[in-house]
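I have placed the structure first, in the form of structure tokens, so that the comments after it can refer back to it.
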Amino acid sequence: MNHIETRLPLPIQPIDRWLRPFARFLHIEATSGLVLILCTVVALVAANSSWADSYLAFWHTDLTIAVGDIVFHHSLHHVINDGLMAVFFFVIGLEVKRELAHGSLSDLKQATLPIAAAIGGMIVPATLYLSMQYGQPGVQGWGIPMATDIAFVVGCLAILGSRVPHSLRVLLLSLAIVDDIGAILVIAIGYTESLDGRYLFLAAVAVGAVHFLSRIGVRRFPPYVIVGVLAWIALHESGIHATLIGVILGLMTPATPTLVPERFREYLHEKEHEFQPKEWSRRLHRAEVVREVQQLTRETVSPLEYLEVTLHPWTAYVIMPVFALANAGVLIEPANLSDSVAIAVVIGLVVGKPLGIALFSWLVIRLGVARLPSGLNWPILMSGSFLAGIGFTMALFIDGLAFGADGLDTAKTGVLVGSAISAIAGMGLLLWTLPKPTRQ
């Protein structure tokens, strides 16, 4: 006779609540990296085939939305880069808030190394780019080689498997999140040409309304969505890139649940008699109890965790691939590869990123304000730092801001080539420096 052993679930510890979102995040980013590669290949093939004109014309299809006297008339490409990407930036805001509240950036001593590494990984590439483009028209692209694409980095680490120490994954993820913060500041400060104070004031009022709704305990999402859309419109008209409203709202999202698990268990204990056969047999009563339990179950999850779990797959598998299809299509020509802008972007990503990360990491460790995490040594850290040169999503996004809506083909070529070299170099060096797998 088969013996089936039933085990009671162990109580959830605080560390589990912090690590489960992190593990889920890594899994989604690893698989979405493969989807991004596929979409990039499709975009490149389309842009270099006989369908190139149709491919470009499709993304420039005009869309018109009219609400009363307000008329929005933009291309599909603009809607993706300014509209859909606002959701992507909202999820970035949620990720940053999570790391600041519970993750690797919540402890300043632990966060010092990734923060310093990220700062070095932004300053050195931008400096190299500026030194190569000083006095030339391409100088405004200085922000392109500063960012790191988390999805591709995690995908590369996933290919290397269990040999990669957990501490390297955490360091690179934390570094990439700080990179995102830097890229957001670059977009807000470096690529805002003019400001309309009236619309900026309206955007601030809308953000204040979101804070007010949160303070008075509004838990339904539709009011926040409506006010968020109004804030997006106001910021769009103010001259600041509208996607930044996503980051602001993400950072404002509460990171703590309304109902702690202990109180939820007490509630279930109090309601235990409701589940007795006599009471449970009444249909209306049953539906009411189930609805109440469902509502309270939702209250045990913070709005931040709920929104991140809900939206992260959509950004990873829909928004970012669509963005790649709309932006990665570039005509592959020898002239693009030899252009000074493309070369500056490649040097910034392939040389500037690892050099800046290694230099600033060495500096803070030398000063004694940080130390290498367990499982890491200098060869592994320096090898992994090459993966941070995979710019892609944010780099292409900044390219569009620096050189117009469609971006500059030479800059896009530099992003694609530099990211590919960084991925190959990083994975190759890690294969060489990581401990060899033990044979069973």
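Think of each number as a place in line: the chain as shown, counted from 1.
A Cβ is built for glycine as well, from the same backbone N, Cα and C atoms used for every other residue.
Some features that Swiss-Prot has for this protein:
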type	residues	note
TRANSMEM	25-45	transmembrane segment
TRANSMEM	76-96	transmembrane segment
TRANSMEM	112-132	transmembrane segment
TRANSMEM	141-161	transmembrane segment
TRANSMEM	170-190	transmembrane segment
TRANSMEM	194-214	transmembrane segment
TRANSMEM	225-245	transmembrane segment
TRANSMEM	312-332	transmembrane segment
TRANSMEM	345-365	transmembrane segment
TRANSMEM	378-398	transmembrane segment
TRANSMEM	414-434	transmembrane segment
Can the transmembrane segment (345-365) be said to touch the transmembrane segment (414-434) if we require at least 3 CB pairs below 8 Å and skip pairs under 6 apart in sequence? yes
Paired segments the transmembrane segment (225-245) and the transmembrane segment (194-214) in contact, 3+ CB pairs under 8 A: yes
Cβ-based contact of the transmembrane segment (414-434) with the transmembrane segment (141-161), 3 or more pairs under 8 Å: yes
How about the transmembrane segment (112-132) and the transmembrane segment (170-190): at least 3 CB pairs under 8 Å, pairs 6 or more apart in sequence, or not? yes
Stretch of maximal Cβ-Cβ contact with the transmembrane segment (76-96) [cut-off: under 8 Å; candidates 141-161, 170-190, 194-214, 312-332]: 312-332
State the residues, same chain only, that lie 6 or more residues beyond the ends of the transmembrane segment (312-332) and have a CB under 8 A from a CB inside it; answer 'none' if no residue qualifies. 24-25, 28-29, 31-32, 35-36, 38-40, 42-44, 46-48, 52, 55-56, 59, 76-77, 80-81, 84-85, 87-88, 91, 151, 392-393, 396-397, 400, 407, 409, 412-413, 416
Sequence-distant contacts of the transmembrane segment (194-214), meaning Cβ under 8 Å and at least 6 residues beyond its ends, amount to 223-224, 227-228, 230-231, 234-235, 237-240, 245, 248-249, 252, 254
